[in-house]
Ligand code: SAH
Ligand code: SF4
Ligand code: F3S
C-alpha cells in the first residue's frame, strides 16, 4: 500500500507523521504522532483545540515554540522510540531553552508524572481525555510550573470538536466513533491508557461525515477499538449492553449497524470503512447492512491474535478458535468478495509449539489478505503481567513470528493473484510513490492499485483492470 494510509499503517509499527498548517500567526506547535489511527485522529483534535486558542502548527521543528509527541504504549518498542525522540528534542531545547516539550496520548497516561519527575524529559504530560485543558496547561508552563492532566473521563468524546484535517489528502478522513475499551484483553494496555469505553453521539458523527463529503472528501473510516460494540442510548456516558437498556433507552438507541446505515445513506459516492471489528461482537445484522450498501467497503479487519482456544482464553478475547472460524464462514457467505485482515501475536505466555501451529493452520484456513504481526511484549500492570509468566524464550518468539510472517507473505500474494484479470472501482488517493506518471488508489477490498495516470486526478472514482500484482500491490490499467 502507498499514500497517506500507508503512513498511518506503518505508524502502528512505530513510524511517524508530522502535521502542518499553513497559518503563520501565533505560537508555533509541532506535533508528532505515533501509534494507531485513533492517535492520529486525536492529533487532529489537539490541533483544532490549539488553533482555536491562537496557536498555529508547523512541520519545522527548528521554528517550534511548543513540541508535542502523541505517544503509543502498545509494545515496549513503541515507548523506546518515543523516549529516543524526547531525548533528541531535549538536545534541541538546549539551543532554545524557552521551547516547551509535551507528551500526549497513551504513554502520558501510563507513566503520568513519572515523565516529569524521574525522567525529566518533558514540561507537560496530558492524557487522551484531557486535551481540552492543553491551552491552559501551556499557560501553566509559561508561569514556570510543570503541568500534568491525566484524568480519564467517562463522557469525553470530543463530539463538538471539528478536527483540523492537517494530515489529509483531501480524499479520505478518519472519524472516531468510540473512545476507550472495556474488553480487558490480558496482554493489552489500552483499557488503562484510554479508559472506559464510550460511544459518541451519532448525530455528531453523521454531521461530521456529511460536512466532509460536502468539502469534497470521498471516503470516511469510522474508528474505535471495537466498533461493533458502538451503542448510543441517548446520552453521553459509559457503554451499556443493549440487553440492559430500559425500554425508553432502547427506543432512542443506535447500534453500530444502524450507525453504518445512516453514514452509508449520506451519498452512494461516499465510501465508508470501519476499524477495528471484534470477532466476539461482529453481528449478522451488521454484515447484512454491509452487503446491502455498495459504498460500505468490503473489507474487515478482524484481529484473531491466536489460533488456539486455550491461548485465546488466557488472552481473555471472549471467543474460541471454532467461534472465530464460524464468523469467517458467515462473513464469506454473506459478503463473498470481502477481504479480511488480522492482527497476530506470537509467543504469548505459555504458548506451546502445537498452539503456535494452530495459529498457522488458522491462517491457512482464512488466507488473510493482510496482517499486522507482533511478538508478545509484556506491558507493566496488564493482567497478563500480573497473572502469567512471560515464559516463551525470545529466540522462540522470534522464530514463531518469522514463520507467521512468511506464511502471511505467501497468502498476501495468493490473495492479490485472485484479483488479476478482474476490474475494480478504485478511488484515487495520491500519486504512486515510485513515479509521478502513475496514480495510486484502493479497491473497495482495500487493495492498493497502481496504474498509469492518463487524464485522471486524485479524488476520482475510476474502473481499473488488474493486469498483474506483487504481494503488496496490484498493477492495472484504467478501462
Ligand atoms: N482493539 C484492537 C487492537 C488494538 S491494539 C483489537 O482488539 O483488535 C493493536 C494490536 O496490537 C492488537 O490487535 C495486538 O495484536 C497487538 N498488541 C496489543 N498488545 C500487545 C502486546 N502486549 N504485545 C504484542 N502485541 C500487542
Ligand atoms: Fe486491547 Fe482487547 Fe481492547 Fe483491543 S479489544 S484495545 S486488544 S483490550
Ligand atoms: Fe497505541 Fe494507545 Fe493506540 S497504546 S495502539 S496509541 S490506543
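Cβ atoms are placed via backbone N, Cα and C, with glycine included.
Among the features that TrEMBL reports, [4Fe-4S] cluster 1 binding site is placed at 36, 72, 106. What TrEMBL records for 181, 185, 188 is [4Fe-4S] cluster 2 binding site. According to TrEMBL, the feature domain 'MTTase N-terminal' maps to 27-143. TrEMBL lists 167-415 with the feature domain 'Radical SAM core'. Residues or ranges marked as domain 'TRAM' in TrEMBL: 417-479.
Structure coloured by features recorded in TrEMBL.
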residue	record	Cβ contacts under 8 Å, 6 or more apart
106	[4Fe-4S] cluster 1 binding site	35, 39, 71, 72, 73, 74, 128, 189, 190, 193, 194
181	[4Fe-4S] cluster 2 binding site	188, 190, 191, 194, 197, 225, 226
185	[4Fe-4S] cluster 2 binding site	305, 315, 316, 317
Which binding-site residues of 106, 181, 185, 188 contact ligand 2 in the sense of C-beta under 6 Å?
181, 185, 188
Which binding-site residues, if any, among 72, 106, 188 have a Cβ under 6 Å from ligand 1, given in order along the chain?
188
Which chain neighbours of the [4Fe-4S] cluster 2 site, leaving out 181, 185, 188, have a Cβ atom within 8 Å of the mean position of the site's Cβ atoms?
183, 184, 187, 189, 190, 191, 225
What binding-site residues among 181, 185, 188 have a C-beta sitting less than 6 Å from any atom of ligand 3?
none
I'd like to know the mean pLDDT over the domain 'Radical SAM core' (167-415).
95
According to DSSP, which kind of secondary structure is residue 106 ([4Fe-4S] cluster 1 binding site) found in, if we only use helix, strand and coil?
helix
Using the centroid of the Cβ atoms of 36, 72, 106 as reference, list every other same-chain residue with Cβ within 8 Å of it (recorded [4Fe-4S] cluster 1 site), in sequence order.
34, 35, 38, 39, 71, 73, 74, 78, 105, 190, 193
Number of other Cβ atoms within 10 Å of the Cβ of residue 36 ([4Fe-4S] cluster 1 binding site) across all protein chains
22
Count the other Cβ atoms sitting within 10 Å of the Cβ of residue 188 ([4Fe-4S] cluster 2 binding site), across every protein chain shown.
22
Please give me the CB contact count at 10 A for residue 72 ([4Fe-4S] cluster 1 binding site), counting all chains in the structure.
26
What counts of helix, strand and coil residues does DSSP assign across the domain 'TRAM' (417-479)?
3 helix, 33 strand, 27 coil
Do you know the DSSP helix, strand and coil residue counts for the domain 'MTTase N-terminal' (27-143)?
61 helix, 23 strand, 33 coil
